[in-house]
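Colleague: Before I ask anything, here is the structure I am working with.
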Amino acid sequence: FCLMGVSRKVAAFHLPPLPTVGEIIKLFRLKAQKQLSQNFLLDLRLTDKIVRQAGELKNARVCEVGPGPGGITRSILSAGVEELLLIEKDARFIPGLQMLSEAAPGKVRIVHGDILTYKMEKAFPKHLKKNWEDEPPDIHIIGNLPFSVSTPLIIKWLENVSKRDGPFIYGRTQMTLTFQKEVAERLTANPGGRQRSRLSIMSQHLCTVENCFIIPGQAFVPKPEVDVAVVHFTPLVQPKIEQPFALVEKVVQSVFQFRRKYCCRGIEILFPESERLKRTEQLMMTANVDPTLRPFQLSMSHFRNLCNAYRKMCDEDPNLFVYNYREELRQKKRERNSLKRTGQPSETEEEDQL
């Protein structure tokens with residue numbers, strides 16, 4: 001609501017009296033579905049705290065992912081946003097969200113759909129776009145994510161950051177999201193830390209990642225078995241590993257495939273068996289990485305060197321990048337089964353006999 005006074009200041013936005021979130025849940029008989037890992041946050045002090053982590057939202061555009069019964073939605077609207085886009089997959093929540101939309105005329109758009117397939121690049125006006133090197137645009141993504149979708153969704157968005165498309169076609173769009181506490185610890189883990197993982201490298205090489213605060217499980221309805229953390233992401237102007245997302249992910253995934261072994265064990269599976277040892281030694285030497293380090297001990301510069309060296313090898317041998325270790329194992333298994341059916345001993349059986 002805009003009040004034209006002498007000072008010409010815009011008055012703070014206040015929602016009219018509404019049923020509480022708990023009353024909305026009872027009114028529309030909403031029940032959290034365990035198979036969708038739904039947990040409702042009813043305490044508006046906590047939803048306000050989540051929204052504050054997003055930064056200044058006055059006159060900003062916000063996309064809320066999975067608003068559910070609308071607790072965080074109320075806090076976002078109270079922050080004075082220009083426009084709020086709600087993307088909700090579960091049709092049961094739409095009537096309650098429409099009630100909020102009517103209470104804030106012209107501010108809310110509701111999309112009944114799946115965030116994993118929704119085209120975010122068309123969500124907001126083109127004039128909001130900023131250059132990647134500029135300050136982040138006045139566009140924010142906020143969400144209390146279901147546990148089942150949080151990891152695949154952040155990996156998808158990190159790929160969007162790398163390619164500067166999807167929600168990041170507007171510039172370095174910031175994200176404030178909830179995760180299981182353990183996942184949040186992986187996202188922010190430092191080298192040598194117990195939780196250092198693929199998620200640590202993939203997120204930190206593309207974004208500044210901040211673990212803001214912990215919400216105890218008992219704050220949610222129904223209470224999950226774990227605590228929840230709020231994590232804030234700001235895409236970096238310059239990624240720490242300047243290689244295509246798919247290449248970085250392949251190297252990082254391979255290294256962490258054998259988390260407790262030396263890092264060279266994971267590097268080995270980047271190469272076909274026939275040339276595995278020679279190529280692994282070549283890569284480790286080119287990258288100047290100690291092969292006896294464990295995966296969680298590797299720094300970002302170690303991974304950058306490994307990715308750069310692997311890229312050089314892929315440029316020299318275009319077939320190398322499409323090589324798939326698991327596919328080679330499956331092929332060997334098919335061959336062994338085929339030999340068994342024909343009664344011929346496989347190489348493994350011959351070795352056993354010898």
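Each Cβ is built from the backbone N, Cα and C atoms, and glycine gets one as well.
Checked TrEMBL, it gives:
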- Asn39, Leu41, Gly66, Glu88, Asp114, Asn144: S-adenosyl-L-methionine binding site (BINDING)
- 46-237: domain 'Ribosomal RNA adenine methylase transferase N-terminal' (DOMAIN)
- 333-354: region 'Disordered' (REGION)
Colleague: So which of the binding-site residues is most packed in, judged by how many other Cβ atoms lie within 10 Å of its Cβ, out of Glu88, Asp114?
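Modeller: Per the Cβ count within 10 Å, the most buried is Glu88.
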Colleague: Any idea of the Cα spread of the S-adenosyl-L-methionine site, Asn39, Leu41, Gly66, Glu88, Asp114, Asn144, as a max distance in Å?
Modeller: 21
Colleague: Please work out which residue of Asn39, Asn144 has the most C-beta neighbours within 10 angstroms of its C-beta, and give that one of the binding-site residues.
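Modeller: Selected residue: Asn144.
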Colleague: As a test of the contact definition, list every same-chain residue at least 6 positions from Leu41 (S-adenosyl-L-methionine binding site) whose Cβ is closer than 8 Å to its Cβ.
Modeller: Thr47, Gly71, Ile72, Asn144, Ile215, Ala219, Phe220, Val221
Colleague: Calculate the per-residue pLDDT averaged over the domain 'Ribosomal RNA adenine methylase transferase N-terminal' (46-237) and state the result as an integer.
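Modeller: The average pLDDT of the model in the domain 'Ribosomal RNA adenine methylase transferase N-terminal' (46-237) works out to 95.
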